[in-house]
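Student: Handing you this structure, nothing more for now.
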Amino acid sequence: MAAKDVKFGNDARVKMLRGVNVLADAVKVTLGPKGRNVVLDKSFGAPVITKDGVSVAREIELEDKFENMGAQMVKEVASKANDSAGDGTTTATVLAQSIVNEGLKAVAAGMNPMDLKRGIDKAVVAAVEELKKLSVPCSDPKAIAQVGTISANSDETVGKLIAQAMDKVGKEGVITVEEGSGLQDELDVVEGMQFDRGYLSPYFVNKPESGTVELEHPFILLADKKISNIREMLPILESVAKSGKPLLIIAEDVEGEALATLVVNNMRGIVKVTAVKAPGFGDRRKAMLQDIAILTSGTVISEEIGLELEKATLEDMGQAKRVLITKDATTIIDGVGNKSSIDSRVAQINQQRDEATSDYDREKLQERVAKLAGGVAVIKVGAATEVEMKEKKARVEDALHATRAAVEEGVVAGGGVALIRVANAIRNLCGDNEDQNVGIKVARRAMEAPLRQIMANAGEEPSVIANNVRSGEGNTGYNAATEKYGNMIELGILDPTKVTRSALQYAASIAGLMITTECMVTELPKEDKPDLGGGNPGGAGGMGGMM
């Protein structure tokens, strides 16, 4: 076991705080309408220019192990906010930095860290309740477009595109973002389906920057059985390898030797393959496999109807224009299925729904109709260069997540105003002792940090604007883009309630744990043993220092 370096008390906290501040300072320059870009160097290809907080956070690794621990914990805040709401990563980072800085000052002044954390937690619970009271529903296309615009860094065309996409496929519909071929953004609605099953192994991923699998014009094998023996798959794998197309396997499960062999073949480039579990359970799984078969013009390989996997041919495979697979969802875009077959299948499911006796069955049948008939909206992002394309695509994806969050839980006034109103609403909140009261003050002060950072990035004086907004009422705030005060909701400066709530909860959770840290342990760096000269044994003399 390697030797460890251990730091205690203030020594540990100072190092950790330095790491927190390095990461947060890099991320927070992107906040607000006048936030700046960050350029990320890549080991291959052009650098990436981004204004997305979580993309910046993920790139940062610090040389000092103790500082790096602090940075990694704040990175976790950004990642959690991103996973939960798809946006608000920079806000979460700014909140976490403020809570950690103020909290550690209080610890240095002699406050009890555990009581401080309890005070912070109390304040956050009360703040979330107040946020819910401030929230207004977001249902009309104009509000949806405004949320998309704000999240895409005030790009109105993106907001309008997302609103149009939601209008065409419904608020629960499937919307994907891909790189276009021209300079203009485009919206395309195609036949498609999404189900909640992701890839069975991360080794299938072929887009590591987004952690997804993208297959162009794949064959789709549908099997109503568990696949554990690779031998029964060999004939079809050989046929697919000869065709040069990728293969998507949708089966009850793929496990053991079969999964391992598929992974190895994929990694070696022998055949581009991905496996996912079939959606649903029991009879519903059989029905959904049949839905996918009709959508992709394939055949479900099932022993119940006398079809065996060993005898499957390319004619039994379904096909689609494109398949996108994340760790928890699969989207089939533009299956080659016959329109009349899809329509008759939809009519058949509708009839079953009308005859269903339970609400649960009706709901599940309605879901199947939506998947088959709803289609998929594809937003094609246009840009002049590859670098701009990647940056813009990331912004559009952020905006899409924010818009979905807004539809789900409503919106609050943007520009950091909602958090200032919430901090004011809980000003009379008291803890069980004085240290908890300090914790509540730390959380309330942190709630002003996003507005202050937006103002700092816009070149304004944060304290003056924060005081003016605090003395205002309702949704009155400061528009950093136009440098005017006004009603944020009426001005279309909206934040999804879910995004603001998630940012606050995750920031407080991890910052609270950091404040209560008393000891940090890390491995000591290995010292390079000095070269003994005279070359290596075995005739490799003179090559000792070369890699």
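Heads up, the Cβ atoms here are built off N, Cα and C, so glycines get one too.
Here Swiss-Prot flags 30-33, LYS51, 87-91, GLY415, 479-481, ASP495 as ATP binding site. Taken from Swiss-Prot, the feature region 'Disordered' applies to 525-547. Annotation comment: Swiss-Prot describes 532-547 as compositional bias 'Gly residues'.
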Student: For the binding-site residues THR30, GLY32, LYS51, GLY88, THR90, which one has its C-beta crowded by the most other C-beta atoms within 10 angstroms?
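Tutor: Per the Cβ count within 10 Å, the most buried is GLY88.
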Student: Using a 10 Å cut-off, grab the number of neighbouring Cβ atoms around the Cβ of GLY415 (ATP binding site), all chains included.
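Tutor: I count 27 other Cβ atoms within 10 Å of it.
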Student: Ranked by the number of other Cβ atoms within 10 Å of their own Cβ, which of the binding-site residues ALA480, ASP495 ranks first?
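Tutor: Ranked by Cβ atoms within 10 Å, first place goes to ASP495.
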Student: Kindly assign ASP495 (ATP binding site) to one of the three DSSP-derived states: helix, strand or coil.
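Tutor: Its secondary structure by DSSP: strand.
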